[in-house]
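If you look up Swiss-Prot, you'll see PRO2 marked as active site, schiff-base intermediate with DNA. Taken from Swiss-Prot, the feature active site, proton donor covers GLU3, LYS58, ARG262, and the record attributes it to sequence analysis. The DNA binding site feature in Swiss-Prot is assigned to HIS91, ARG110, ARG153; the stated evidence is sequence analysis. For 238-272, the entry in Swiss-Prot reads zinc finger, with the evidence type sequence analysis.
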Amino acid sequence: MPEMPEVETVRRTLRPLVVGKTIDHVDIWYDKVITGDPETFKRELKGKTFTVVDRYAKFLLFRLGDLTVVSHLRMEGKYHLTTWDAPVDKHEHLQFAFTDGSSLRYADVRKFGRLQLVETGTEFQVTGLKNLGVEANSPEFRLDYFEKGLKKRSMNIKSLLMSQTLVAGLGNIYVDEVLWQSRINPLTPANELTKDQVKQLHSAINETIEEATKYGGTTVHSFLNAEGGAGHYQEKLKVYGKEGQPCPRCGEDFVKIKICGRGTTYCLHCQKR
């Protein structure tokens with residue numbers, strides 16, 4: 001699933017492609033890609049102009065004046081620019097057809113991604129957005145906020161970071177990375193972390209998100225930005241996807257277990273309970 005650095009990379013590459021373009025019409029080839037009524041989605045967007053491409057955590061927010069399209073890419077969602085009359089691929093589910101003849105298409109092999117049309121200003125009432133914590137690497141993600149939030153929660157730190165309720169934007173890849181960097185066992189209850197561990201984890205989260213965004217995100221499966229380019233942060237990964245390989249810090253082989261239903265790779269020596 002694209003995490004915050006990947007979605008931010010998509011946002012940055014989409015912005016010059018669509019901002020200022022006016023929608024002539026919308027074609028929907030898979031109705032379930034829309035949360036709500038597809039006909040209303042098409043009717044309300046006709047004649048609207050893309051003004052801003054925003055993002056919160058893993059959600060894209062397309063601003064069109066008084067309306068906003070909330071887009072969650074989920075596992076495999078991708079956007080790319082083409083033309084109205086380009087052949088429709090079987091994995092393409094929607095297009096915003098612009099008055100200049102170009103078209104922004106949404107493709108999704110797994111069909112898990114969703115788009116929802118809402119009034120601008122109400123987007124944080126959307127399911128998925130309304131319960132998110134503050135964004136990682138944002139001014140709101142202060143150390144004192146993080147410390148207080150961790151003290152109130154007894155679930156293991158891996159599950160908490162994956163839940164998005166305290167800090168939003170991290171997924172399986174970056175959670176494994178920041179826990180390894182901080183030498184924290186993923187099964188440690190959040191409220192048992194020491195002050196030093198919390199400080200190290202807070203720094204690791206901010207630094208990793210910033211660096212991963214700088215490298216255009218991580219492509220380990222199929223992630224591509226809106227220009228069709230892959231990310232490069234996979235070349236920097238230290239632990240994710242490296243089960244059985246030696247830890248670059250101590251030489252002990254990484255192990256993999258399941259936590260909250262997700263594969264979790266860590267070092268038994270460096271990340272002791």
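Using N, Cα and C of the backbone, Cβ positions are placed for all residues, glycine too.
Long-range neighbours of the zinc finger (238-272) within the same chain, counting only residues 6 or more positions beyond its ends whose Cβ lies under 8 Å from a Cβ of the stretch, are 156, 158-159, 162, 172-173, 176-177, 179-181, 183-187, 220. Across the zinc finger (238-272), the model assigns an average pLDDT of 97.
Under the DSSP three-state reduction, ARG262 (active site, proton donor) is assigned to strand. Across the structure, ARG153 (DNA binding site) and GLU3 (active site, proton donor) place their CA atoms 23 angstrom apart. Between the C-alpha atoms of the residue listed as 'active site, schiff-base intermediate with DNA' and HIS91 (DNA binding site), the distance comes to 18 Å.
Recorded residues ARG110 (DNA binding site) and LYS58 (active site, proton donor) have their alpha carbons 17 Å apart, per Cα-Cα distance. If you take the C-beta of HIS91 (DNA binding site) and look for same-chain residues 6 or more apart in sequence within under 8 angstroms, you find ALA107, ASP108, VAL109. Note on ARG110 (DNA binding site): other Cβ atoms within 10 Å of its Cβ, all shown chains, come to 12. You'll find the Cα of LYS58 (active site, proton donor) roughly 6 Å from the Cα of GLU3 (active site, proton donor).
For ARG262 (active site, proton donor), the same-chain residues lying six or more positions away in sequence with a CB closer than 8 A to its CB are LYS158, MET162, ASN172.
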